Structures are given as structure tokens and as C-alpha cells.
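Q: Taken from Swiss-Prot, the feature ATP binding site applies to LYS6, LEU7, GLY8, GLY9, SER10, GLY56, ASP180, GLY217, LYS221. Look at Swiss-Prot and you will find LYS15 tagged as site 'Transition state stabilizer', backed by similarity to another entry. The substrate binding site annotation in Swiss-Prot covers GLY55, HIS60, GLY159.
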Amino acid sequence: MLTILKLGGSILSDKNVPYSIKWDNLERIAMEIKNALDYYKNQNKEIKLILVHGGGAFGHPVAKKYLKIEDGKKIFINMEKGFWEIQRAMRRFNNIIIDTLQSYDIPAVSIQPSSFVVFGDKLIFDTSAIKEMLKRNLVPVIHGDIVIDDKNGYRIISGDDIVPYLANELKADLILYATDVDGVLIDNKPIKRIDKNNIYKILNYLSGSNSIDVTGGMKYKIDMIRKNKCRGFVFNGNKANNIYKALLGEVEGTEIDFSE
């Protein structure tokens, strides 16, 4: 079984405090991932795991230094230095996460998109190395990054850009979105399940003026699970044991199921 776990929201860092780390959360999440991997091993069950995280308090403040608005569009400037500096900030964040995972004996390995991802008419992402890592029971840890855009020079790709691409290319069985809310919220309450019977009602609600999409991309998350015809959860990664439960497919939150 291939599972993709996206760590997002304010789980790992505070975007309002540059270069901050929520150490208690990071340590807890590493422990829960380790416990889940041990569970599968003890049950003689196979799990292949990919972790994805965003820029957090590291990538965002640096990227802002090299962005300006011109004719209503965001463009990058001074990228002879900026590309390296954004790349370095993301690598620094990723290294902290990798080091913590490794301290719990999780075979985590870093994947830096800027070295092999190109954006043109579509995202071009060579997944051959990731496939080989998964065959060897390694845990690839991939992050949002600055990449080459063959039309516009440069582009930031987020964790939410990476997850659906990998899910489609690698045929993921389970997509997990660890956010800072309790699931897909309707009237401030998490809906238990989204499937073919209520998907359009939910999407219409999230498009309406009464909806507050606190994660900034809840519709996108739901739609990616639907398009990839798999099962997923949107849940609160700040709550103890939720990462562990999610990896076992039983977390409290919103279950989204379009598996066939």
C-alpha cells in the first residue's frame, strides 16, 4: 500500500515567526510515524510511505524578498542569488525534519524538487528515483521549492502541487492531509465522509460565500483525491495520535473515498 502524507498548516512551524520550529509537534509526529511503521511491520503488512511538507516559516519569508508585483502579476527578481537562497532555506527546513525522523530510526531521505523538476505547460517531475527508494523501503521526504519555469523563468511549487502529481504517477492508495483544522468544515463542524453521493453538494458549499476555507485549498485537496480515485483523510495533525491513526486509516476527521 502506498500512502502519501502531507504535513501542512501550522503543524511544523509558525509562518509569522521566521525560521521557527514547533519542536514538540515535530517530535510527536516523528514518534507517531515510527509507531505506525512498526505496527505494519509487526502485522506483516506492507506500507510504502512518502512525506510531503511545505515551506513553513523557512521558505515563505525568503521567497517574499525576491517577489514583486508587475502589471498585476507576481514576478521574481534578482534570482541569480534568490534561487540559491530560497533553495537553501527549504533545504535547511527539510534537514531539520529529516534529522528528527532519523532520530526515531525512520529511514527518511531528502528529495529536493529544484534539482529535477521543471514547470512548463505542465509539471515535469522525474519520479524514477522515488520509485527506487520505495522499493528499498526508504521514506522519501519531499518539500515545496523554487523550480525552473521554462516560460516564466521561475516558479514556486507547493506541497499541494506535489501531492496530486505523485498520487497520479505512483498510483497512491491513500492520501493524508494533516492540517490545523479538524477536517472539511461545514458550519464550523467537520463532515464525517465525502464520496460520490455528496461530493457536488460539498464542493458547492465550499464555493459559496458562507464558506471559510481556512486551509486556503480544501476544495483542491478534495478534488485531487476524487480525480485520483483513491481514499484519503483531512484531519487535524496538531492533535496527539492523529498522525498514527491516519496512517492506519482510522483517524477522526473527514474521510474522502473515491476508491474503486
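Glycine is no exception: its Cβ is also placed from the backbone N, Cα and C atoms.
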Q: With an 8 Å cut-off on Cβ distance to the GLY55, HIS60, GLY159 Cβ center, who else from the chain surrounds the substrate site?
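A: Result: HIS53, GLY54, GLY56, PHE58, GLY59, MET90, HIS143, GLY144, ILE156, SER158.
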Q: Among the binding-site residues LYS6, GLY8, GLY55, HIS60, GLY159, LYS221, report those whose Cα falls within 10 Å of that of LYS15 (site 'Transition state stabilizer'); none is a fine answer.
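A: Those close enough are GLY55, HIS60.
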Q: What binding-site residues in the list GLY55, HIS60, GLY159 lie within 10 angstroms of GLY8 (ATP binding site), counting C-alpha atoms?
A: GLY55, GLY159
Q: Provide, as an integer number of angstrom, the distance between the C-alpha atoms of GLY55 (substrate binding site) and SER10 (ATP binding site).
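A: Counting only the Cα atoms, the answer is 11 Å.
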Q: Taking the Cβ of HIS60 (substrate binding site) as the centre, how many other Cβ atoms fall within a 10 Å radius?
A: 18
Q: Quick one: pull the CA-CA distance for SER10 (ATP binding site) versus HIS60 (substrate binding site), whole Å only.
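A: Checking the Cα atoms of SER10 (ATP binding site) and HIS60 (substrate binding site) gives a distance of 13 Å.
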Q: About how far apart, in whole Å, are the alpha carbons (Cα) of LYS6 (ATP binding site) and HIS60 (substrate binding site)?
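A: The separation of the Cα atoms works out to 17 Å.
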Q: Identify which of the recorded positions LYS6, LYS15 has its Cβ surrounded by the largest number of other Cβ atoms within 10 Å, counting every protein chain shown.
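A: Of the recorded positions LYS6, LYS15, the most buried by Cβ count within 10 Å is LYS6.
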